[in-house]
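As recorded in TrEMBL, the features of this protein are as follows:
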type	residues	note
TRANSMEM	30-50	transmembrane segment
TRANSMEM	62-82	transmembrane segment
TRANSMEM	102-125	transmembrane segment
TRANSMEM	137-156	transmembrane segment
TRANSMEM	241-262	transmembrane segment
TRANSMEM	289-310	transmembrane segment
TRANSMEM	326-350	transmembrane segment
TRANSMEM	370-392	transmembrane segment
TRANSMEM	496-515	transmembrane segment
TRANSMEM	527-547	transmembrane segment
Amino acid sequence: MSEELAPGPKESPPAPQAGPREVWKKGGRLLSVLLAANVLLLACTLISGGAFNKVAVYDTDVFALLTTMMLLAMLWILFYLLRTVRCPCAVPYRDAHAGPIWLRGGLVLFGICTLIMDIFKTGYYSSFFECQSAIKILHPVIQAVFVIIQTYFLWVSAKDCVHVHLNLTRCGLMFTLTTNLAIWMAAVVDESVHQSHSYSSSHSNASHAHLASDQRAGNPVGGDSCLCSTAVCQIFQQGYFYLYPFNIEYSLFASTMLYVMWKNVGRFLASAPGHSHTPSPLSLFRETFFAGPVLGLLLFVVGLAVFIIYEVQVSGGGGRTRQALVIYYSFNIVCLGLTTLVSLSGSIIYRFDRRAMDHHKNPTRTLDVALLMGAALGQYAISYYSIVAVVAGTPQDLLAGLDLTHALLMIAQHTFQNMFIIESLHRGPPGAEPHSTSPKEPCQNLTFTNLDAFHTLPACPPTPRLVSPSPADQREAVAIISAPRSQWRRRCLRDISLFLLLCNVILWIMPAFGARPHFSNTVEVDFYGYSLWAAIVNICLPFGIFYRMHAVSSLLEVYVLS
């Protein structure tokens, strides 16, 4: 009888108010995935077809599809907020790992920039309202409302583990995720077409002029009367193109949070959730050596100056382009080299870290690792194409050597940084060191969190400080007995995390806001031809840009866990 009443050590029965377990969870997930796949393929077809002049798909068709998808997603979000979560016992659990404050804060920041972009886009299309389709003006207005509703939804519900309306919730989350991916794809295609048109215009290449998005010959509402000729119209046009990177990152941030919510639908959690640490803004640089933040800020400021110089000199053309490329590649080589060495040193420090590995199920961490590995493939592809072009092409000059070094360091930096981040995410929190003693000095280098375990150690003499078993005395005992080496390692890891974070921010800013050495440097263009090389860069570079911002989010979590 006693064996039947005593549960096993690994059992974590669900709370009784959560209701019965789902009979076939994979069936509901399969239904939602199939829905998302079909909708996403339809969106991909229209968006990719609308980017080319020879395909009879117009930008108004794309805007109509995106507007319809956003309206349907908003309807489901309102149903979720007003009906689903108000059901009895609808959210019996909340995932402590999902939707950390820095991720939601980044979502709000990018959402605000997206709203500004929608204002600029509305002003741009309103500048020639008499010759534009109404859907072009309606689309940014609907997108602004969608961003506001979705941001509020993710802020309050990112941690939910819903246990009612399971299949409807899964399908709604997947459809909303697909809507964000479609918006991301439309923004990437539009920005790529804009960059390609700027390149073809600067090189006076008539064969590429058909890539213009608003001056396509097949546009039924196009014409000379719709040209952006006023100063206000040009300000709106340039403004919303420069704000595209924030819209792109907002869609990807929202997609990752929606995926974690989708994984948590119907999920049962133990009564005691895993560790969750939320740093205050004032404690960001606490307990560091300040070498990492200072050096990272220095590289950030220098990188901004290099980016401005690059943009100004490349726009001037002529011999100044070569000088700008030399400066750009030199800075990136130094930055990538330092981040590679620092990431490698962080992995070496972990060889002496006694914290246990965290093997608990964590959908957020699993997604973070998958996105880091998957997004890095885009930059890997560009780098390997560049290596082949430089090694096999002729002639070999200074720019070719810098290009080759930059490509090799880009591969090394992504590899070692991923190793460091992924191992950091799988480390336990501070205080998770295993209990162990040395045979010669049993009372030194001892770390524990349980007072009873301390009393059971046979070789340790009694300590006067541990007379009372109060929680305050336990914390004091941990602080006294913790080894100084552990604190030194943690400070080093914090410095490394902050340094890599700042470096990834500047490495995100440069390509996200228009730096395209891939086209200014003609090595790859001459080797592969413009059409093939433009296709490679336009497909792979968005993943590389997303990698940088996702690495920033992961490194902030690494800093907290250190």
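Numbers run from 1 along the shown chain.
Note that Cβ sites are derived from N, Cα and C of the backbone, with glycine treated the same way.
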| query | So which of 241-262, 289-310, 496-515 is most in touch with the transmembrane segment (326-350), counting Cβ pairs under 8 Å? | reply | 496-515
| field | Intrachain neighbours beyond the transmembrane segment (241-262), with Cβ under 8 angstroms and 6 or more residues off its ends | value | 29, 32, 95, 98-99, 103-104, 106-107, 109-111, 113-114, 116-117, 120, 147, 150-151, 154, 157-158, 160, 170, 173-174, 176-177, 180-181, 183-184, 187-188, 190-191, 194, 363-364, 367, 371, 512-514, 542, 545-546, 549-550
| note | Spatial neighbours of the transmembrane segment (62-82) not adjacent in sequence (6+ beyond its ends, CB under 8 Å) are 39, 42-43, 46-47, 50, 133, 135-136, 138-139, 142-143, 145-146, 149-150, 153, 156-157, 169, 172, 175-176, 178-179, 182-183, 186
